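Novice: Sharing a structure, written as structure tokens. Questions coming.
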Amino acid sequence: MGQRDTTSAPAAGTPSGADTPPDTTTQNGTDAGTDTGTGTGTATETGTDTRTGTGTATETGTGTDPRTDAPASRSAVRRVRGVAYRAALRAMFRLRPERIHHLMTGALERLSASPQALAALRSVFAVDDPALVQTVAGVRFPRPLGLAAGFDKDARCVDVWGAFGFGYAEIGTITSLPQPGNPVPRLFRLPEDGALLNRMGFNNDGARSAVDRLLLRRTAVPVGVNIGKSKLTDPAVAAADYHHSARILGEFADYLVINVSSPNTPGLRDLQAVESLRGIIDAVREVSPRPLFVKIAPDLSDEDVDAVTDLAVELGVTGIVATNTTVSREGLSASPGEIAALGAGGISGRPVAARALEVLRRIHRRAGSSLVLVGVGGIETPRQAWERIGAGATLLQGYTGLIYGGPDWIRDIHLGIADQVRRHGLTSVSEAVGRELPWIDD
């Protein structure tokens, strides 16, 4: 489990641990992530899927303190790694996205068995800086950027993500029973737009299989669990389905996320309506005391965003994850014919960035400190990450940025945030949340 404060008991069945920096700040919420990716299911891969892939690693050993890094040598090594990653990406992009994902997941599982390899990765990519540490809803986050839901759907790689520098990871989306997801091809790259299109359909091995893997977890990095409605569950009884998943998984999570915003499960987004969402939140809280987040879509109207925000405040939900993927195709570089050929699905990455920021800012202005917000969607640069923090995000998440930027993307985000904290004369990133502080250049 991620390290909790002394007033919160760790979840049963999982080892506890600690990250390197001292705990410096406290806030009242937790994490959640965007469902933009792949995972493992039982569908057979066929078709002419185009472009995706990368991997990650754990939280042991010592990371790099940016205050003592030699800037010149660090920059040179960073450039070499960037060239190498771009070359690897070109090779990976010759294979279908989901094929690459399965290969990388297998490699990461094997990597997680080697503490020495994980420690070596962590020494390169993890940024250990007291300015980045926050305690959110009793859970200690060593860094604000986490892996969004969608990559590690079945908790196969939880001991890996911290070594690549993530401050936490969100697994899932997980459903109460195993399901294969939608037919393949169901994942596509849009490199000109820095985007992915997916219609995965919550392919996963089910809640009990995830528990079996979480029982073996060794990392101290917080792990959230994103739960969704099974495809075959009637929306009228969705609350019972979420209740079942939360009862099985809650004990092994540092926080839970109710996903009612994926566009790839029929009728799921209708559950964002307050009359449906109220019952789901109540059902989950009945069986799990863990910090609870609701993940919403960027395609909600402003009025619906306000309604969900008000409900979350009323029911004492920890926070909101803003946002999931978008069904909009506005502004894409591909031709209308190419876009139509890709078919249905949600788009993550650069095209969702503007609306995700709008939704985040709107929620924060309405709810203030009553909700902890997780900013997700199209974060590509440290400057954009800082903008999300200024708009109200306590925590951040990404997936598509990892695919296109590699693990140095994670490191660059954290170095940039820590640098801005100091340039503004602050001691912790938590002091910048919601303040809309400008980006200070050299």
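Every residue gets a Cβ built from N, Cα and C, even glycine.
Sharing the feature lines straight out of TrEMBL:
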| type | residues | note |
| --- | --- | --- |
| ACT_SITE | SER262 | active site, nucleophile |
| BINDING | ALA149, GLY150, PHE151, ASP152, LYS153, THR173, ASN226, ASN259, LYS295, THR323, GLY349, GLY378, TYR399, THR400 | FMN binding site |
| BINDING | LYS153, ASN198, ARG199, MET200, GLY201, PHE202, ASN259, ASN264, ASN324, THR325 | substrate binding site |
| COMPBIAS | 23-65 | compositional bias 'Low complexity' |
| DOMAIN | 132-419 | domain 'Dihydroorotate dehydrogenase catalytic' |
Novice: Sort out for me which one of GLY201, GLY349 has the most neighbouring CB atoms within 10 A, since those are the binding-site residues we care about.
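Specialist: Within the set of binding-site residues, the most crowded position is GLY349.
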Novice: Including all protein chains shown, what's the count of other C-beta atoms within 10 A of the C-beta of SER262 (active site, nucleophile)?
Specialist: 28
Novice: Taking every protein chain shown into account, which of the binding-site residues PHE151, TYR399 has the largest tally of Cβ atoms within 10 Å of its Cβ?
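Specialist: By the 10 Å Cβ neighbour count, PHE151 comes out on top.
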Novice: Expressed to the nearest Å, what is the distance separating GLY201 (substrate binding site) and SER262 (active site, nucleophile) at their Cα atoms?
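Specialist: Distance between the two Cα atoms comes out at 8 Å.
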Novice: Whole-number Å distance between the CA of ASN226 (FMN binding site) and the CA of ARG199 (substrate binding site)?
Specialist: 17
Novice: Given the binding-site residues ALA149, PHE151, GLY349, TYR399, which one's Cα is the least distant from that of ASN259 (substrate binding site)?
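Specialist: Checked the binding-site residues ALA149, PHE151, GLY349, TYR399; minimum Cα distance to ASN259 (substrate binding site) goes to ALA149.
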Novice: Rounded to a whole number, what is the top Cα to Cα distance in Å among the residues the record ties to substrate, namely LYS153, ASN198, ARG199, MET200, GLY201, PHE202, ASN259, ASN264, ASN324, THR325?
Specialist: 16
Novice: Pop the Cα-Cα gap between GLY349 (FMN binding site) and ASN324 (substrate binding site) into the table, whole Å please.
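Specialist: Cα to Cα, ASN324 (substrate binding site) and GLY349 (FMN binding site) are separated by 10 Å.
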Novice: Return the average pLDDT for the domain 'Dihydroorotate dehydrogenase catalytic' (132-419) as a whole number.
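Specialist: Mean pLDDT, the domain 'Dihydroorotate dehydrogenase catalytic' (132-419): 97.
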